[in-house]
Amino acid sequence: MSWQAYVDDHLMCDIEGHEDHRLTAAAIVGHDGSVWAQSATFPQFKPEEMNGIMTDFNEPGHLAPTGLHLGGTKYMVIQGEAGAVIRGKKGSGGITIKKTGQALVFGIYEEPVTPGQCNMVVERLGDYLLEQGL
């Protein structure tokens, strides 16, 4: 399966039990900042934004004072899982980022999708990739 298929079929799909509820944008990005696959709606990000995200995975709490920035959008960092998941909130939407051995799985959402639904979609794919050694 191509990386684009993972984004299209496992991240940008209808959320279980909620037809027409899907993430706003999603991507799989290598730890080096190279995009493996992304939805057409995923924001163009700056290298320093990706560096900040990677630093927060290695040094949990790094982004808390400044917020998480992606594509020029600032998210307030909320509870995550140190070294494994970063979650951010902005208005009625937010972001979930799951770290795997080689990649970061991104999901961005707006209402009516809930934070829990975004977490489920992103973390399920991230956990699967971890199980596959990726």
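Glycine residues also receive a Cβ, built from the backbone N, Cα and C atoms like all the rest.
What Swiss-Prot annotates here:
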DISULFID  CYS13-CYS118  disulfide bond
MOD_RES   THR114  phosphothreonine
MOTIF     84-100  motif 'Involved in PIP2 interaction'
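Sequence features annotated in Swiss-Prot and their locations in the structure.
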residue	record	contacts (Cβ under 8 Å, 6+ apart)
CYS13	disulfide bond	ARG22, VAL121
THR114	phosphothreonine	none
CYS118	disulfide bond	LEU23, GLY94, ILE95, THR96, GLY107, ILE108, TYR109
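Across all of the motif 'Involved in PIP2 interaction' (84-100), the predicted model scores a mean pLDDT of 98.
Note: the motif 'Involved in PIP2 interaction' (84-100) comprises 0 helix, 13 strand, 4 coil (DSSP; helix = H, G, I, strand = E, B).
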